[in-house]
Amino acid sequence: MQPGTLSSFLKRGAIWAFIAAELVFFTVAGEFLSVSEKTFMDIDNMLLLFKQSAPIGIIAMGMTIIMVNGNIDLSVGAIYAISAIVLLDSLTWPVFAGLGDGVIPVAWGLALLSGVALGALNGLIVWKTGVDAFIVTLGSMLGYRGLVFMYNGEQPTSHLNWTLVDFAEAQWLGLHTSTWFLLGVTAAIWFLMNRTVHGRNAYAIGNNRSAAVNAGIRVGPHMMINFMIIGFLAALSAVVFYSESGSVNPNDGELYELWVITAVVLGGTKLTGGAGSIVSTFGGVLAIQLLRKGLTHIGADTETVNLVIGLILIAVLFLDRQLNVKGKEELKV
Amino acid sequence: MSDRTPALRLEGIVKTFPGVRALDGVSFDVMPGEVHALMGENGAGKSTLMKVLGGIYQPDEGRIFVGEVPAVMTSPLEAKAKGIVFIHQELSLAEELSVAENIYLGELPRKRFGLVDWARLEQQTNAILAKLRVGFDAKTRVGDLSIANQQMVEIARALTVEAKAVIFDEPTASLTDAEKVVLFDVIAGLQAQGVGIIYISHRMEEIFKITDRISVLRDGSYRGTVKTAETDEESVTQLMIGRKLDLSRNEIHHALGDVALEVRGLSCADLYTDVSFEVRRGEVLGFYGLVGAGRTEIAETLFGLRDPSAGQILLDGRDTVIRSPAAAIALGISLVPEDRKGQGLVLGMNCRDNMTLPQVDDLRAGPFVAEGAEVAIFDQYRDRLDIRTPGWKQLAGNLSGGNQQKIVIGKWLSMHPNVLIVDEPTRGIDVGSKSEIHNLIRELAAQGYAVIVISSEMPEILHVSDRIVAMYSGRIMRTFTAEEVTEDKLIQAISGLTPENVA
């Protein structure tokens, strides 16, 4: 066996072992504590879990590529809110009145375009100024959220288009529309990361930036593309969710960036960049959603849920550190 | 001098590492008020000896005396407490703190309740600074000082204890001529106070200017001590080189091709000035000089990492501007950097991906990377360069230094470059792999590549080069052909003697 195989297997497998442990725990605990008649592993409950994972999960795929590249994006929650407003508001614009339901793809397109544009702005600033992405997106998080409030004050923006709602609530092969989007995005980003030049270079830049530069890789454009991708995905997440709900509050999407980062880090992606896997991020997203759902299932309130997730995040990262140390020692021998 | 007690005396110091006898019975002494030069080529054992003196290594045999007292040092702090103080080549200062805080870092004077006694700190610091006659005071932020003045802070830090012996390790490496004068003044001041000084340097000029005696190490063993006034550069050089080196001089002769790269009057701010040379296909051009002589910076300019401030670069006779590594690579210039792990390899990536990194964009099938083509390239260069790895999936970080270097070289060879620049080809590589890499460099030249090799190791540069450029503080002192070069001429050329003197 090659050195490091064991520890990398443990690390890859860890998130799935964790998910399995959650399922067992909540199933057993649910028998005693749950007020609900249904078991936790009920099929409808699990399908719902996937659907509820979608908003965070879709963005988490973009965050994985951003973090592997060595950056971070804190503005995704604000981009999510802006895109939602663009979607719902543009459905009602008089210019598009003649289109009938033809307005739907137009509104989707506008919302996605907004996401891409805002992401591109982040990327451009990071590229051209050389300021750390954490600072840049911290600023744009505040700025973009400001735009949300400027648009409609404290008022929610609402519009229900029933064709859209039907589409968003549809199930195909048993899975909800948003689940399909999550799976599609996961597959697409997996291919991007593992099979394309862009993905390869993103890993290289995150792992050793100066070696990447010395190999003739242009760092800036790759970073910018990644910020456009995550902007697109934040908008896609909003489009999928608000097509169904039809109403967006100016506070919506707040703290999404932190949930997304939690899921990505739980999946084993390094904050320092250069390492991370889309499949594990998918695991991280499911693990968090399971935890939220499971704790609610056994009667815990929201505050408890957040406390537990916080503790688990720290415990997982500590374990990861121990495994890494082990892996390194294995190498030295 | 013999009737006095030496400030520091070494007696038969032996230090072995697995497979290497790094120090083999080193004995010499430093008198109070004496400046004693310690010379030797890279790898002669100077740094090991300094680590023994500094309490970082324990000698296997032999004794150290400070004054008349035998001293056993088990940590750098203990060495300092005994009065042995180091001024390192690399500065270790906290730039955001004041001069005073840096000097007393870790031992700030305190008042009651653990509060810092700022008044006393300032007063003590200014007292030391006054002795050094420097132009800044205790409150100055260290980051605002020039390198030379920062070095003064290091020296001031050394003087907070009652120093018996002060060891200067290449102190002038980053100083201008004017700053050197100040440093030599300070050294003279220490001398006058009866401190013994060990002065490590490659620069003959300085050695002959300020030292009283010279001790020479070679291959870990002590080769003798001479009085500076009674010797000359040639004799010292002889002591340092000793017997003829085992490494045969490069004797493979083959026809040279056209000039692949020519550089005319190239300058870059204060890093190097008016550099001109050419390299032909089939030729290995060696660059030899001390650290900081500007060799790496020239390589970085050719590779598009630095913009020159003047001069021309001609590739195949055409005037060329190289603004980025991407542009350099497109023009067929490749660089195997000095810092393999920091700049050459992506350690967290597998061997194959590292090897194809610069050309992966050309290895596509539609939107996806053609992994089959990548594996083919990896296999080809693994066989050609004899890279020992269980397979391409192995992470580059898991390979030995020699195999890592071969991956970096293979990465560029698979791009068929016009000019291959190799900076410190064998740094941190074991002896066996060293000669493999040397042979590889010779072979590449024979196959018609134009190769530039930068090295700080004389045997290496003599072994691989067809011609050798000797550099000293940013200037080319002389270019030697393989036939005319000798070790002592080369040492003299890189030690700052004027070109006329060398010839």
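Just so you know, glycine gets a Cβ as well, placed from its N, Cα and C.
Copied from TrEMBL, the annotated features are:
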- A:12-33: transmembrane segment (TRANSMEM)
- A:53-72: transmembrane segment (TRANSMEM)
- A:79-100: transmembrane segment (TRANSMEM)
- A:106-127: transmembrane segment (TRANSMEM)
- A:134-152: transmembrane segment (TRANSMEM)
- A:172-193: transmembrane segment (TRANSMEM)
- A:224-243: transmembrane segment (TRANSMEM)
- A:258-291: transmembrane segment (TRANSMEM)
- A:303-319: transmembrane segment (TRANSMEM)
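When Cβ distances are compared across the two stretches, the transmembrane segment (A:172-193) makes contact with the transmembrane segment (A:224-243), since 3 or more pairs at least 6 residues apart fall below 8 angstroms.
Annotation: stretch A:258-291 has the most Cβ pairs under 8 Å to the transmembrane segment (A:53-72), among A:106-127, A:134-152, A:224-243, A:258-291. The stretches the transmembrane segment (A:134-152) and the transmembrane segment (A:106-127) are in mutual contact, each linked to the other by at least three Cβ pairs under 8 Å (pairs 6 or more apart in sequence). Between the transmembrane segment (A:258-291) and the listed ranges A:12-33, A:79-100, A:106-127, A:224-243, A:303-319, the one holding the most Cβ pairs under 8 Å is A:12-33. Remote same-chain partners of the transmembrane segment (A:79-100), defined as residues 6 or more beyond its termini with a Cβ less than 8 Å from a stretch Cβ, comprise 55, 59, 106-108, 110-112, 114-115, 118-119, 144-145, 147-148, 151-152, 157-159, 161, 164, 231, 234-235, 237-239, 241-243, 246-248, 250-254, 256. With a threshold of 8 Å between CB atoms, the same-chain residues lying at least 6 positions outside the transmembrane segment (A:303-319) that come near it are 14, 18, 262, 265-266, 288, 291-292, 295-296. Sequence-distant neighbours of the transmembrane segment (A:12-33) (same chain, 6+ residues past either end, Cβ-Cβ under 8 Å): 39-41, 266-268, 277, 280, 283-284, 286-287, 290-291, 293-294, 297-299, 316, 319-320, 323.
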